[in-house]
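Asker: I'd like to ask some things about the structure below.
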Amino acid sequence: MLTHVDDKGVKMVDISKKEDVERICVAEGYIKLKPETIKLIKEQKIKKGNVLTTAQIAGILAVKKTYELIPMCHPLPITSVNVDFEVFEDKIKAICSVKTTYKTGIEMEALTGVSIALLTIWDMVKSAEKDEDGQYKTAEIFGIRVVEKIKK
């Protein structure tokens, strides 16, 4: 049975009768970059500024805006957001952990946080990643997924 569709059309599910429950979700994803770009990020030599700090802020903001971006997501009280990065030779892993005590899950918030953090990295390093024809031969976002979902 589809919970978001009835004979009148699309609707948002009524969660008013559900109890508040502590929920935690961790999502991750990767961006593949040229090793030279990773070096510039580590040395903080990217022209637009500090890549990882900017991406961290963007990821946090994205979590808080998820309900405005995804039509069937409920606005919910976010009690904690953490966006971290692991930097490898040719890629960066973004990890977004989100916590709430509410009636519905926070998977979409964690996934949105990771996605926007990775997109922000791409935006920050565009000039370093383009080849002589203006193409992105190396840059790739991949592996976005929910790593862990906890409902207490």
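In case you wondered, yes, glycine gets a Cβ from its N, Cα and C as well.
Keep in mind the model is a prediction, meaning the values are calculated, not measured.
Pulled these from Swiss-Prot:
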- Met72, Cys73, His74, Met108, Glu109: substrate binding site (BINDING)
- Asp123: active site (ACT_SITE)
Asker: Cβ neighbours within 10 Å, counted over all protein chains: which one of the recorded positions Glu109, Asp123 has the most?
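Answerer: By the 10 Å Cβ neighbour count, Glu109 comes out on top.
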Asker: Within 8 Å of the Cβ centre of Met72, Cys73, His74, Met108, Glu109, which other residues of the chain have their Cβ, at the recorded substrate site?
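Answerer: Same chain, not in Met72, Cys73, His74, Met108, Glu109, Cβ within 8 Å: Thr66, Tyr67, Ile70, Leu76, Thr104, Ile106.
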Asker: Counting other Cβ atoms within 10 Å, pick out the least crowded of the binding-site residues Met72, Cys73, Met108.
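Answerer: Candidates: the binding-site residues Met72, Cys73, Met108. Fewest Cβ atoms within 10 Å: Met72.
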Asker: Rounded to an integer, what is the Cα-Cα distance in Å between His74 (substrate binding site) and the residue listed as 'active site'?
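Answerer: Between the Cα atoms of His74 (substrate binding site) and the residue listed as 'active site', the distance comes to 28 Å.
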Asker: What is the interatomic distance between the Cα atoms of the residue listed as 'active site' and Glu109 (substrate binding site), given in whole Å?
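Answerer: Counting only the Cα atoms, the answer is 21 Å.
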Asker: Let me make sure I understand the span of the substrate site: among Met72, Cys73, His74, Met108, Glu109, what is the greatest distance between any two Cα atoms, in Å?
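Answerer: Across Met72, Cys73, His74, Met108, Glu109, the widest Cα separation comes out at 12 Å.
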